[in-house]
Amino acid sequence: MTAPSLAERRRRRGANAARTRLIVGTARSVFLAILSLMVLVPIAYMVLASFKTVPDFFGNPYGLPGTWAWDNYSRAWRDAHISVTLPNTIIVTAVSVIGSTLLAALIAYGISRKEKPFAMGLYTFFVAGLLVPVNMIVLPLFILIKWLGLFGTLLALIFPYIALGLPLGVLILGPIAATLPRDLISAAQVDGATEWQIFRRIVLPLMKPGLISVAILNGVWMWNEFFIPLIVAFKPESQTMPVGIVSFVGAYSTEWGLVFASVVVSTAPILFAYLLMTRQFQSGLTAGAVKG
Amino acid sequence: MQFRLNEKPRFMEFYRAVLFMPVIISLVSTGFIWTLMLSSNIGFINPVLKDLGLGFLARNWLSDPTTALPTVIAVTAWNSVGWAIVIYLSGLQNVPEELKQAAHIDGANGWQTFWRVVFPQLSPSFTALTVLTFIGTFKTFDLVYVLTGPLGSPNYRTDVVGTLIYRTAFGGSGNYTDDISMSFAIALALVVFAFMTFIAWALIKILRRQEIQS
């Protein structure tokens, strides 16, 4: 029995390593594919469900719809009150996102122009808001909104949303504002620009990536929020989509087609925005965690 | 899992995008999607199990007392795992390539390289994720409300502090009753908040000590 030559051994080891790499690579792909299916199948199923008729749900649980019930959507628009809740959600989210992003930018810029100990104190004050869980403040909020007489109006949501959007906004924009080029601002002052002009023409454009992060971060939770509107926007005329769907289910629990048409209408816009700006969403939504 | 997504750029962008998707879907939509998937008569999971010849595994996932809470937990994980993946991925970008090469030269296999060399480098991400997930999950309300109702059925098996506080303030029906139960609910929320803050603080203390010094 002759021992295999050194070259032979090396060749074999190389082949072994290649085989191991192939197996590991395949296992990895299969694992990732299964995980992706676990995400995609329920989402696809939700879309299919929105086109099914009630008998279809029972007769044909996981196939394609027998007849595509497009009128689920028009019926949901009317009967599940999407005609009210969708505009409400759009208005509340848009106003609150713009309001809290601009306000956070103003605060961050203002802090950056103050003297150090005072600025640090203010920054800590705003960021400390992150420690306060929504569950804790929502009941006092209910009392406050009741006292202000805002039940049934969208302001009952817009005011709290703007306030709750500030801590993360200041957390993200604060460091960006602190690194703004001072020379540029001084130069503008020398040229006779007003504070407001400096903010609009110089500060806001320089903060743009941060502003986008803040807008995404706040926009997603404001669009999706359920607990706050359940407590302070319970009246039908001020409901947003998540609460609207839940209360529709409470009233007509068997109309699954309409329920899922509503779920698709509430999910599609944000999913679409995500697919257009995948990277910005991912970095925006994890920005708070990575920094904090 | 995170280690892998960082390596190959071709499909990874796709997987990354897909796995993050549930994070931006609202908890209410997630709740309805899984109510449907798990439903006993119109669902997806049970008919598939039956057709695969695994009918004995089929059950009424959300109303069986033994599976109700694990099911709610699994759905919560479905909604948030992509978030953790992306946070780990941004941590992985800071792991120096030389460290991995050094481990390879020293004869470590992939598994050893990951657990002994790469994972310790991720410990700050691990700490942040553990604490934030703890705080986030402690506040769970939406999913339980949609999946098993404000009473945390069956028989309070899935009741959480969020639903308890809600019920105390508004009763099971969701209608404002009186100032006394409202005050009681606010007191309850304060106690829960104090408890949560303490645990989060302790978690940060313990986990920070485990982090490698860099």
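The backbone N, Cα and C atoms fix where each Cβ goes, and this holds for glycine too.
TrEMBL does not curate its annotations; it predicts them automatically.
The following features are taken from TrEMBL:
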type     : residues  : note
TRANSMEM : A:21-48   : transmembrane segment
DOMAIN   : A:86-277  : domain 'ABC transmembrane type-1'
TRANSMEM : A:90-111  : transmembrane segment
TRANSMEM : A:123-145 : transmembrane segment
TRANSMEM : A:151-173 : transmembrane segment
TRANSMEM : A:210-234 : transmembrane segment
TRANSMEM : A:256-276 : transmembrane segment
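For the transmembrane segment (A:210-234), the residues of the chain that approach it from at least six positions outside its boundaries are 89, 92-93, 96-97, 100-101, 104-105, 134-135, 138-139, 141-142, 145, 150-151, 154, 156-157, 160-161, 165, 168-169, 172-173, 176, 204, 240, 242-243, 246, 269-270, 277, 280-281, 283-285, 287-288, judged by C-beta separation under 8 angstroms.
Counting only same-chain residues 6+ beyond the ends of the transmembrane segment (A:21-48), those with a CB under 8 A from a CB of the stretch are 62, 64-65, 260, 263-264, 267.
Long-range contacts of the transmembrane segment (A:123-145) within the same chain, counting only residues at least 6 positions beyond its ends with a Cβ under 8 Å from a Cβ of the stretch, are 107, 111, 151, 156, 160, 164, 166-168, 170-171, 174, 227-228, 231-232, 288, 292.
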